[in-house]
């Protein structure tokens, strides 16, 4: 069809616009050839006239129908041009929030500037194994295509990620590598995929920086080769870098930053690890504060440095290497702060404290650095001259040194990363990920932009060749003639840059001249390249040149080209760096020297040979190096299959989901997307399979065409009839190829046909409704006419007489009718009352009879229930009595045992008490002897006191006589006048003296009591002193016990090793010596570790407890001694106070007694009493003096004892300190043991799998040992029987084998025959759990024999046999797994039912209760068997899931179960020709139901418990829901109203299947609720606020992320459906803000519900069970 015929009314076109690039308009009037104006109607309602030249009509591009907008692939659009691409990307990005779109073989990725939940592991697993195009576009789809082609075609692959700064190249490359790391795990335990991912933070820290366009811009190109082995698992990686932007180290533009690593180390300047670097804040260094802002919003440099250091450690780069790296980085920062000042006209000297720090960190000479920064050596013919340089040259030399050091550091880190990523193993294939800069054009473009655009020219050339290669393969595959297409060839631009006398050649030539300048080089460019059409000279500038690149014209400023290309550094500075004391830095420049002498650079082969340089030792330029590395890159890419990812920056403000059409179209032009669209539009861009075409356009077929069986021929006939120009389409073998616009024309015809059909339906419907209204009106008119005509006739015929007669007739009729009705009413009323009476009587009698029957029934029930209750009570009473008796017997036994234990303990205590009693008796005897001695001493003292008293009394009597004589003399001489007064005073003094005497006696008693207390305390102290050597002996004993325990531990470990080696030798007699040594070492290591760990823990705990108790005892004793000393000191003080008081009283009394004789000469009695008192006082004085002397002696003794005790206390404190030291040593040993225990735990975790396998093998070995023991016993019994037979008569019968041995042998043989005991024979079909019953009977027999070894070997044989059958031989056989799951569950139930536990005996028969196990508790074996059953269950589920998974997506989503409702949308996706698509079997919902039926029948056939069957069905239904929902989330073409109807229909089929199998109570439909709500969401209206609220209420099982994803992905199938507006989606999002839900987009398809094994009592009588002959188990004998 001609293109002009498409410009008809209602079609839409695109016209150019300055703001939005393109805007849409609708054609108001059909356009005909020769018209000068195309009348259009803009979207804002205004009219627009588009002028057209009739001679050469250039019409605006047509707009695609809305049904084609939003396609996954841009090449599927009917009209392929720039506005169509822009609009399709905008609809997907802004409205559907989809960032990925295909454009043929290119994946276009728009940066959303927002975190999206589309990169989780569940998404990775969803894309794994899928063909490209089956799912929505994604970076994972490209990675999966590359991985699949590598595995299928055995060819290396490349993923080329390009785009301008800020477009998301680094993130895309990171996600691609993450996909490979998750999908293909490494073969060894080095986890190289983690190291590959861990290298990203390091490379971003040292190679990324903030620019005006991106906060994390990569300032270098990176090509990462990920290596795979023959099993396509990652074994290593290698990284190559290109064109690091070294100038950023010394210069940053405004609002830009240096590389991230500098700010990271400055943020940690205060940490101890960075103190020696003498760093400051980043704003204090010139190299980090040029751009102004030193921080990035949302970025924490300190945390980033921690992550960088962690990744260094993960890659095996040690602390020494890291410290050297940080030293070099800090030195660069300090070098930037070195200030250079002018000191003369031609001299410059650097003078700055940062210079000393730089020299100290790098180990170079400060004087030499000062000299060669400010001077230059010039070598002449006869001499060498050192010349000072100007300040600007010195600054340039400083900056050049910083750039070179950083560049070498960057290369060194990349090399170390590559070394860390290398793993031993041969590389079979690799996938390369190229993260490289896209085409760049700025206001000022320099050498870096020139190199970047040169690289993009080479990549674009390679891309064009690859696109044509794929197109040619597609055409040849479909047998369509290939015609050459005109396309833009950029070879002239490449020749302009790299050919002889090209830009790079002239640049290198100019760099050879010492006096060469940028201006002279530019003049050469003007002279040599002016004739090239790709080279231009700007009109308004003499310092720039213009190159016509494939994307756009770019103007380059020549300033700085020569300096950047030379990248020169003075040789003297290089020599200084080589002589650095820091080997890390010196190696940089030494390796550079070696590479310059040895390395051979790869040269690009230009169109003409270039001029060779004269000097062989000439330093290669930056341009030459870049050209060589680019040539190597292109060779690598040409040897691989490339995959392209173009990253687009949607806006410059970094706003999420904002679309700037001008910026986007600029990048699309630069990255080659529009060129791909243009090339595709020139051929046949739209490609449909015959089935898709037939399904979509069958509406355009006639009845005769649709009735044909050959759909391919039908499609050809229809196309030939509809499109007369055969050049507009081509028929391939499997596809129809259309030119641009033809699919849109077919869609227009289809829409016209549908519109015509709608008009016809509307015409007939409107006619029918109008006819119906007309007939209703006609009928009403006829009725009205009838009434009107009747009225007229009545008026004509009716008179007064007739009216009276009529009125009278009416009155008569009224009364007659009333009478008749009253008569009838009376009769009916009487009959009704009679019927009611009889009915009510019958009902009352019936109710009375029923009440009597119920009363009698209640009486009967009462007596029956009472009888049953009494019977139940008696039985329960007997049962309880039996249980109580058994329980009491057990308790009595336990009490007897405990009593025996207590008796033994009491005996031991009695013996110890007897010993202690004997010791106490000895002590008592010693005390008695001491008491006798003390009594003797006391008696002798009393005798002495009596003698002394008698002597004093005699003396006193003599004195009294003398006094009497004196008294008589005084009476004679003195008068008696004052006698009475003196007597009164003397009496008062006598009373006072008596009172003082009483007080003194009390004080003496208190002193004696204090003496006794002191003596007791002295005795106690002596006892404490005696305990000190006992404590020392205890400490020595504890040390000896510790040494003995260590010796015992060593002996026991040696004995354990010996025993393990002997057991291993016995078990592995027929094994090779190497295997023997290996298993023995493994067993020794595992068992010794566990044994030694247990012993060390127990010993350590006991030692610690004993030491703690002893230390606490010593502390208590020391405290007690200190208290006793303080008490003694207090008593001594009180005694001294008492002595002083007594002395004072004695002195006062003596003074008073000296006055009394002078005053009382006449009173004899009073004088006598006075003398007696004086005598007593003197006696008390003597006693006090003796007591004081004794006390002083005791004080001296106690002081000496105190000093002795203080010395002992000091010794005890020393011993305490020693004990504390030992405790600390023990704590250190404890920590060491804990660390060893942690290491042991790690070793245990690493050897857990090995130990599990060893335990299984040990069980097998135990079984073999048991078999050998039984054989030995059997042979011994046979030998004995033979000996007895030989001793006896010769005619004795042959020895008879013991039935017990036969039974055990039969059990082991039966366990070995488990492999062959599948569901065969009639008996197994009748009793599928027969093996479980037979095995339990064997267990019961072993329990009856009360032989623990036999029972253990039997259980090991059963568990090992089942494992061998399930895990090893038949792990994928559904029948075997179902059969043995049922038998394992039944065996577990039998072990519970016959265990004798009360909770399992509730429903057992009395006979079954008698058959319970009597001797052994098999609860541990039950646990092992339960774990085995869980393992079988999960393997059973895995096999069913593997079988069911391929049918879920085709059956639930792709198959159209509702006939006549097509949910297919025209896609036209052009799948890659090198992707192989298998013609897989078509699955339907019936396939899913058939699989479910097979699973269900298999489980029922094997008598699997219904509870387990319900759990299996629920798990399978969850799998169906999860996989289906996950595919809906990742497939935009599945989100339509018709697809929702299909899903709901399929869910109803599943629900009917559940009802058919009587599984409604499984709760399986609950697992399908998310899928059902998704189907409802696809069908419901999505336009108003009420619809939004209804969606929130109904979609309770869907997360907010899933609801928004479905709404954004909703795709109309026809033009009559409406898209979901972005405002409605935002409304739903605002309502969902308060709803809590998972942030995960995908359901976890691998999730497993927790399995429970229900206990069910078996009714099978084991004694009636017979082993059928059909099973061939003749070796089993009934005992």
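Using the three backbone atoms N, Cα and C, a Cβ is placed for every residue, glycine included.
According to TrEMBL, the protein has these features:
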type	residues	note
BINDING	163, 164, 165, 166, 167, 168, 169, 170	ATP binding site
COILED	882-1055	coiled coil
COILED	1104-1285	coiled coil
DOMAIN	8-60	domain 'Myosin N-terminal SH3-like'
DOMAIN	69-751	domain 'Myosin motor'
DOMAIN	1356-1634	domain 'Dilute'
REGION	630-652	region 'Actin-binding'
Excluding 163, 164, 165, 166, 167, 168, 169, 170, please set out which residues of the same chain place their CB within 8 Å of the center of the CB atoms of the ATP site, keeping sequence order. 111, 214, 217, 218, 438, 647, 649
Cβ atoms within 10 Å, counted per site: which of 166, 168 has the most, among these binding-site residues? 168
Check the binding-site residues 164, 165, 169, 170 for other C-beta atoms within 10 angstroms of each C-beta and report the one with the most. 169
Below 8 Å Cβ to Cβ and six or more residues apart, same chain only. Which residues does that give for residue 163 (ATP binding site)? 109, 169, 438, 646, 647, 648, 649, 667, 671
Going by C-beta under 8 A and a gap of 6 or more residues, the same-chain neighbours of residue 167 (ATP binding site) are 109, 111, 438, 647, 648, 649, 667
Pull the DSSP breakdown for the region 'Actin-binding' (630-652) and write it out as helix, strand, coil residue counts. 9 helix, 8 strand, 6 coil
On average, residues of the domain 'Myosin motor' (69-751) score a pLDDT of 83
Tally of residues which DSSP labels helix, strand or coil - the domain 'Myosin N-terminal SH3-like' (8-60): 0 helix, 24 strand, 29 coil
